[in-house]
Amino acid sequence: MFSIFFQQFIAGFFVKALASFDDTLTRVPLIAEITGGKLGKIAFSIGTLLALTVVLLIAVSLSAFLNLLPFTRLIIAGLILLLAVAVYFEVFIGRQDEKLRERFQRTNLSRERFIKLIGIGFLVSLITLIDDSLVLASLFIGDRLNRFAVVIGIYAATLVQITVVIYFGEQLNKFRYKKEVAVLALVILAMLILIGII
């Protein structure tokens with residue numbers, strides 16, 4: 001029983017880590033860097049966890065629909081490859097980043113605005129993570145014996161991502177091949193889904 005739980009936990013952790021690799025290497029470090037000190041980053045991270053909860057609900061609903069279709073794995077793998085193309089050509093990144101930078105710079109990140117920053121973190125993270133709902137839906141396709149373990153793995157991966165962003169956000173922003181590594185992670189994930197490993 002424990003081995004099944006652990007396998008499902010690892011599946012959730014691994015898929016979430018790969019799915020959010022593009023976010024961790026591109027948009028999230030930018031936003032984390034401009035939120036101010038650790039207090040601002042923690043507030044933003046709380047918003048991220050709340051957004052993830054919404055994204056998980058979307059993923060579960062999406063998986064219920066995909067379970068009704070034939071060639072489900074092929075469809076999901078194909079959509080993830082399209083997502084990889086979109087990441088490579090920076091479809092989701094553009095002028096919005098500069099607008100976010102200006103907005104956060106104008107925001108006084110005092111303790112009194114902690115709640116406001118949680119709300120901003122939620123909205124920004126929801127927009128950033130919404131594409132992950134497709135990838136996470138693959139975890140709920142078919143008969144999963146322990147979906148609770150999958151969900152715990154997803155949240156564990158998110159906490160690791162948040163920790164990396166809080167402590168290494170600036171270093172990640174300086175990494176030259178962010179886009180290429182993010183695309184590679186999505187391609188690997190699509191292949192693993194296609195051949196049935198995930």
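Any Cβ shown, glycine's included, is placed from N, Cα and C.
Where the annotation comes from TrEMBL, it is an automatic prediction and has not been curated.
If one looks beyond the transmembrane segment (42-65) by at least 6 residues along the same chain, the residues whose Cβ comes under 8 Å of a Cβ in the stretch are 28, 31-32, 35, 114-115, 117-126, 128-130, 132-134, 136-141, 151, 154-155, 158, 162, 165-166. Per TrEMBL, the feature transmembrane segment maps to 42-65 (among others).
Beyond the transmembrane segment (71-93), the same-chain residues lying 6 or more positions past its ends with a Cβ under 8 Å from any Cβ of the stretch are 22, 26-27, 128, 131, 134-135, 137-138, 141, 179-180, 182-183, 186-187, 189-191, 193-194, 196. Annotated transmembrane segment per TrEMBL: 71-93 (among others), in sequence order.
Same-chain neighbours of the transmembrane segment (114-142): 11-12, 15-16, 18-20, 23, 27-28, 31, 35, 39-40, 43-48, 50-52, 54-56, 58-60, 62-64, 66-67, 72-73, 76, 79-80, 83, 92, 100, 104, 107, 150, 154, 186, 189, 193, 198, counting only residues six or more beyond its ends whose CB sits under 8 Å from a CB of the stretch. Residues annotated as transmembrane segment in TrEMBL: 114-142 (among others).
Positions annotated as transmembrane segment by TrEMBL: 148-169 (among others).
Residues annotated as transmembrane segment in TrEMBL: 181-197 (among others).
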